[in-house]
């Protein structure tokens with residue numbers, strides 16, 4: 001016979017079984033048993049808040065960022081009624097949440113109707129499931145049942161009312177019900193075929209990503225869809241970050257419903273592929289019955305028709321699977337698709353959407369504040385918005401790099417949620433930087449939770465944008481033609497308020513203090529409240545007449561694109577239909593914006609990224625001896641396994657042994673290896689680019705360019721792998737050789753030694769690796785010790801190729817002392833080196849009989865003569881050639897000879913152009929000059945400058961630096 005336990009103990013164990021980590025709330029008399037059971041839990045942290053509404057917002061936020069239920073707790077009556085706004089927030093937003101409320105004893109109560117409200121009836125229209133627990137033994141099944149309901153599509157709130165006597169009763173012990181992933185149903189094949197037909201027959205299809213697509217697998221599927229089909233995309237406010245908004249096909253966010261830049265694209269699309277859209281979110285565009293634009297609705301549930309949303313086709317089922325099936329059927333961009341206008345819109349919007357972000361007025365424009373916040377926040381930092389006028393500006397111009405790194409509410413759009421949401425995110429992800437951003441009105445609604453944050457030691461910054469008014473409604477009042485009245489706010493001293501709660505208060509008192517203040521507080525411990533005065537006057541003007549004029553200007557650029565065309569053949573599904581990829585389990589959200597696909601370390605580890613070396617195709621985490629420094633921050637970005645001479649020797653032996661198998665590999669298999677590598681490189685495009693930013697200090701735009709060249713090189717190598725022809729020539733040049741012919745065949749040379757440099761760690765590695773694989777040569781590569789990560793990611797990609805025999809490749813970061821075998825070992829049949837002339841020529845002298853190819857640094861000069869027709873164009877080229885890659889390129893402009901007659905003109909133009917170059921964090925989109933590879937190289941440049949000055953040279957001032965490091 002099972003032992004008895006208290007029902008509340010069984011209830012808490014069930015919550016633990018569901019993976020609950022936090023319970024937020026205010027306990028009361030009626031749930032003291034639950035409170036006592038939580039006291040004994042080793043897995044659940046109780047966060048006692050100052051108001052139930054804040055607790056509910058925190059629980060909903062946990063559900064939002066994890067896809068698993070967040071849990072909040074209150075007493076009966078007034079405590080329970082305070083949850084209603086949170087229930088609506090969860091329901092409309094689609095965030096799984098469980099609300100637990102207490103109640104008077106139901107079997108015997110002596111208090112009549114005191115504090116009693118029919119909470120179950122109250123919650124019924126707001127929740128997916130609500131029930132009063134009438135038997136303690138039912139708690140186990142009710143927790144499992146309600147959790148499944150909350151987490152299934154569309155996610156939302158559930159409610160359990162646990163009366164005081166039920167929580168305290170003794171029940172037989174049973175273990176919690178098992179938890180298992182629920183696979184979603186996939187779309188019917190006929191629906192997929194119809195969707196494919198609509199997309200292929202469109203002239204200018206446009207993808208719209210909405211809140212329902214914010215699921216981990218769905219995001220991956222959408223990235224692959226966009227990369228493969230090259231269809232431009234827009235997002236709704238709650239779809240921001242599903243795909244990194246630095247993607248070249250991102251047009252913009254629909255922050256308002258009409259008459260913005262993105263609508264110049266959506267209005268001209270003949271098909272919008274609306275992915276994950278729910279009509280509870282403010283419409284990203286308006287449909288018109290007489291309009292030419294068709295809409296394809298792809299979601300977990302059918303479309304809901306209203307006056308402005310009536311799709312022409314539905315694909316109902318798991319979104320990730322549907323998107324994957326469509327991509328696999330269409331396969332690639334269709335030749336008749338025309339995206340010229342969309343890219344014109346993108347270029348125009350990118351130029352103007354953030355107008356006035358450098359405005360120096362005080363109080364600040366919201367554009368300036370948002371730009372400063374983006375600059376201060378790391379890529380995986382999370383910004384949690386309350387609701388107000390600023391939300392429109394965040395949606396329009398805050399570039400979001402990953403899922404759930406900008407949490408805004410475009411469904412219920414309630415005030416008061418910003419600070420609690422930020423607290424929940426920080427509790428869940430304590431190692432990430434988190435900003436709450438509130439207006440003065442919204443902040444006042446739950447400002448008491450500062451004390452909760454202080455009590456629980458949450459390192460958090462909350463920014464209060466103070467305009468002493470309800471700014472959004474004031475804007476609506478103004479645009480509606482009403483007299484300004486009734487919307488002013490008399491605010492407290494926010495600094496003193498923060499300090500009264502035990503937090504740190506800051507006020508930005510001048511235009512010059514904004515960026516330094518934010519960059520300081522983002523790294524501080526403790527709770528920080530930062531008051532920033534804002535002025536929405538200019539914003540009102542910009543979103544009104546100025547935007548209307550800009551849109552008119554943009555529309556004037558629209559080309560006349562003919563609509564009539566021949567019917568388009570529609571791809572048929574693959575002859576042998578592949579097994580559909582499994583439907584996505586219950587909703588979960590990727591917490592980090594850029595997933596690192598290298599198995600970088602044993603799971604659960606923290607700190608710098610960890611990379612193995614690769615020997616004979618296999619990753620080996622032998623040690624962490626090689627530190628890779630983030631060139632912008634000076635911090636350790638990653639640690640890599642470093643090979644010694646014995647490991648290098650084993651790698652060479654493996655490559656030598658693999659030579660015959662590699663040479664015998666048919667060309668179609670070599671092509672397959674290279675083509676699959678290209679596919680994964682495209683999927684990991686941003687990961688590769690960001691690795692370059694960190695390890696080489698390469699500005700993000702240049703980093704993306706190098707990743708593009710990597711992909712191009714592997715693509716060309718794949719094509720050439722099946723075109724390695726020989727040669728036939730007749731030899732009958734005299735009677736003696738009449739009838740003779742020569743046939744030349746090409747054979748792989750054998751194992752290749754490769755040494756790559758620091759300055760183009762991806763591209764120059766690709767120049768060696770891709771041709772070797774194309775012709776069937778095994779290789780051993782030594783990447784530069786300061787920039788090995790790109791080569792190691794290539795190693796990770798190649799390690800998944802089943803066609804490659806063991807020993808086909810090794811990629812070994814190692815010291816110079818361990819690297820001698822790369823030069824002298826006779827088992828290598830070829831040495832390929834890129835680097836300095838001094839090192840290269842010495843290696844050639846010691847290489848023995850093997851073939852040697854050297855790509856060495858130069859001393860490139862540029863001559864500018866008086867016959868130059870366009871000095872500005874020449875200067876532009878010179879500036880790029882001189883300062884690109886911080887001058888750390890063998891083909892950089894190092895000497896300039898100018899005709900004396902135009903010397904002054906050229907000199908002044910070069911100085912002026914150099915003065916405009918942006919230096920700084922390589923991850924910043926605007927940066928042109930990032931850091932040098934290390935301090936030693938910076939010292940060397942300064943010595944050169946001093947030597948030149950000593951020899952009579954003159955330094956032409958660049959900003960305030962004058963030849964010195966910034």
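Indices start at 1 and increase along the chain as displayed.
Placed from the backbone N, Cα and C atoms, the Cβ positions cover glycine too.
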Feature region 'Disordered' in TrEMBL, mapped to one of the ranges 520-542, 543-565, 566-588: 566-588
Whole-number mean of pLDDT values that fall within the domain 'Thiamine pyrophosphate enzyme N-terminal TPP-binding' (7-122): 92
Leading stretch by Cβ pairs under 8 Å, where the reference is the domain 'Thiamine pyrophosphate enzyme TPP-binding' (386-532) and the options are 7-122, 192-325, 624-957: 7-122
Three-state composition of the domain 'Thiamine pyrophosphate enzyme N-terminal TPP-binding' (7-122), taking helix and strand from DSSP: 55 helix, 20 strand, 41 coil
Per-state residue totals over the domain 'Thiamine pyrophosphate enzyme central' (192-325) - DSSP helix, strand, coil: 43 helix, 29 strand, 62 coil
Residues in the domain 'Thiamine pyrophosphate enzyme TPP-binding' (386-532) grouped by DSSP into helix, strand and remaining coil: 61 helix, 27 strand, 59 coil
